[in-house]
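Reading through the structure tokens given below for one structure.
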Amino acid sequence: MSDPTNPHIETRTTPQWGLYQRENFWKPNEGQTPPFNTDPRKLEARAKERLSEGGWFYASSNAGMSNTHLANRQAFYRHRIIPNQLIDTNNRDTTTTIFDHKVSAPIGFAPIGINKIYHPSGESAAAKVAGELKLPYCLSTAGSTPIETVGKANGPGSPRFYQLYMPHDDELTLSLLTRAWDSGFDALILTTDTWQLGWRHDDVASSNYAFYRGFGADLGLSDPVFRKRCEEDGINPDADVVRASSKWIDSVWHGRAWSWEKIPWLMEQWRRISGGRPFVIKGIQSVKDAKKCVELGVDGIVVSNHAGRQVDGAVASLDALEKIAEAVGDEIYVMFDSGVRGASDIVKALALGAKFVFVGRLWIWGLSIMGEDGVRHVMKSLLADLDILMGVAGFNGVEDFDKSILESGPKSYSLLSEKTL
Ligand SMILES: Cc1cc2nc3c(=O)[nH]c(=O)nc-3n(C[C@H](O)[C@H](O)[C@H](O)COP(=O)(O)O)c2cc1C
């Protein structure tokens, strides 16, 4: 199985990620694939066992009835990959380039808030693994570890991006951008679908909002401008953490929508601070909005519906991707997320026009189950899954993924009617 003396291992330009399968097959086995099963359904179930009720609800909640999440999964189910036979894939290459960074694969860590509710090692663990595997890492403004600490954990030269929830306080925004740039985060991703959290029943019904309990506001508590704001309001951020973290999250998820008029200002500020590094908008789902981004000179978009957590009953992100890539794929760097659960989903998104794909819940489940080792296991498994898929289905590189490798499957969705997957 996966001969480790295969001479092509020496000539390949990327690691033989698929050997991770061999490594697992050779480990002592006590009835389970060690260290844990990465079938997303089992992964999720195991994470649920490990997490507190609040942690589980926050990670698993979707908007409303979860119909957008279901639509995301159904869209993947509808597209089918057509494998090729007897293609020489021995020197296949999984790499791609994103914003001038050569990375191991077209796979990135989506920005996810408050990682410390999943594991005490939090953002640092995920950032460390991302750096090790040479996959881009995105830090969320709602993260539970200061920007500077995460930058260090990710390591020198590792590609990392900063995801902004934009406060209605320009001085605070500039402080966050400057800290991010100084800590090596070299693309800015503005999320535009979350001025406020969507209506997620479990979280609302269980008053599940860590920030209002004094937890998870570390980006704010470590920010000089935010600390000044606390003092102006008579809050000592070190002594009265509950009030300070409530104030922080209310300035980030403020419920006060920004509009297109603000984008040139933000772009200009980020380019000034970073010397012209990329500016990205995350949350785009319509051709009209994608065109607006092109018109304004935005460098990239993430076609995302936030894993179905914001608008229930919305279009599947993969369906949105297909139309958007067709309309503006040659004019702007198109990235994708929402609903990816394995390498075949990544291949489908790339075939439909994405240049790069982010994953969220997969690595969060890994973090919840086993901290840093859990994230590493999930992401190495995903790389192995991609490498093996390319090897057995006749693909040599990301350039092989286009619409010709896909066919539409059955219209019936009956196999995918559960809440999850
Ligand atoms: C628990 C959780 C927290 C998230 N936090 C953020 C966040 O802080 N900022 C953000 O832009 N997106 C956030 N997202 C959305 C992800 O960045 C990404 O769009 C989504 O998770 C991708 O879908 P997937 O989880 O199915 O891979 C979050 C998603 C989840 C599941």
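Heads up, the Cβ atoms here are built off N, Cα and C, so glycines get one too.
Per TrEMBL, active site, proton acceptor is recorded for His306. Contacts of His306 (active site, proton acceptor) defined by a Cβ separation under 8 A and a same-chain sequence distance of 6+ are given as Thr191, Asp193, Thr194, Gly198, Gly283, Ser338, in order along the sequence. His306 (active site, proton acceptor) falls within a helical segment according to DSSP.
Summarising the annotation, TrEMBL assigns glyoxylate binding site to Tyr58, Tyr165, Arg200, His306, Arg309. Long-range Cβ contacts of Arg309 (glyoxylate binding site) within its own chain (separation 6+, distance under 8 Å): Ser61, Asn62, Ala63, His69, Leu197, Gly198, Arg200.
The annotation FMN binding site is assigned in TrEMBL to 111-113, Ser140, Gln163, Thr191, Lys282, Ser304, 337-341, 360-361. Remark: Pro111 (FMN binding site) has Cys138, Leu139, Ser140, Gly143, Phe161, Gln163, Ile189, Thr191, Lys282 as non-local neighbours, by Cβ distance under 8 Å and separation of at least 6 in sequence.
The annotation domain 'FMN hydroxy acid dehydrogenase' is assigned in TrEMBL to 32-411.
Pairwise Cα distances among Tyr58, Tyr165, Arg200, His306, Arg309, which the record gives as the binders of glyoxylate, peak at 19 Å.
According to its DSSP assignment, Tyr58 (glyoxylate binding site) is helical.
Taking a Cβ cut-off of under 6 Å from any atom of ligand 1, the binding-site residues Gly113, Tyr165, Arg200, Arg341 reduce to Gly113.
Ranking the binding-site residues Tyr58, Tyr165 by other CB atoms within 10 A of the CB puts Tyr165 at the bottom. Mapped onto three states, the DSSP output places Lys282 (FMN binding site) in strand.
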